[in-house]
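Beneath this line is the structure, given in structure tokens, with notes to follow.
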Amino acid sequence: MCSETSVAKRPSREEAEEAVRTLLRWAGDDPDREGLRGTPDRVVRSYGEFFAGYQQDPADILRRTFEETDGYDEMVVLRDIRVESYCEHHMVPIIGVAHVAYLPRRRVVGISKLARVVEVYAKRLQIQEKMTAQVANTIQEELDPLGVAVVIDANHQCMSTRGIHKTGVSMVTSRMLGAFRDDPITRREFFAMIGR
Ligand SMILES: Nc1nc2c(ncn2[C@@H]2O[C@H](COP(=O)(O)OP(=O)(O)OP(=O)(O)O)[C@@H](O)[C@H]2O)c(=O)[nH]1
Ligand SMILES: [Zn+2]
């Protein structure tokens, strides 16, 4: 479990469902009418999915690595990883894609694991800058590669379905470490690989 879970005791499921009933009443509806009777249970189960990342340690995901690569030392890029996250200010979706690259030092990791690291951080309440940095930092710390690059390109529903109501706006964030930060050629190659 992550340090973000070092909050006070987790409320019970019943307390969480009661909170949903309160919100339904606050919205102006009757939580006891037929159509809403199962809603607190459904919402709590949905929140279990949306915020599953608090129960997982992303470092664990990168533990298994492979060293038999016959000296492969070029960058590995995973493009267009779908991101479904939740804005920590409004608790509404942030939907987009992540591109993750690293330059192996000796070891490589199963490619699904890079997408899993993105998933763990996405399934928490986030701001995009922090999520981008967390993914890059974790890969750097666990794999000790020559460099890591993470770009996230996402739409924030808190900007499109409420507030300023601007659709079609995407936010692009990046975190470059090691060779991706220091070497302009490596950086350019990465941006070319992800089509930017
Ligand atoms: N930097 C950053 N800002 C975000 C992100 N997600 C949402 N926001 C912004 O967080 C800000 C929160 O601002 P507040 O003024 O506290 O909230 P608000 O009154 O609901 O603001 P509006 O969204 O402008 O209506 C808003 O400007 C959001 O657009 C993110 O991932 N990164
Ligand atoms: Zn928001």
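For all residues, glycine too, the Cβ spot is worked out from N, Cα and C.
Here is what TrEMBL records for this protein:
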| type | residues | note |
| --- | --- | --- |
| DOMAIN | 17-194 | domain 'GTP cyclohydrolase I' |
| BINDING | CYS87, HIS90, CYS158 | Zn(2+) binding site |
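Within 8 A of the CB centroid of the Zn(2+) site residues CYS87, HIS90, CYS158, the other residues of that chain are TYR86, GLU88, HIS89, MET91, VAL92, ILE94, HIS156, GLN157, MET159, ARG162. This prediction places the mean pLDDT of the domain 'GTP cyclohydrolase I' (17-194) at 97.
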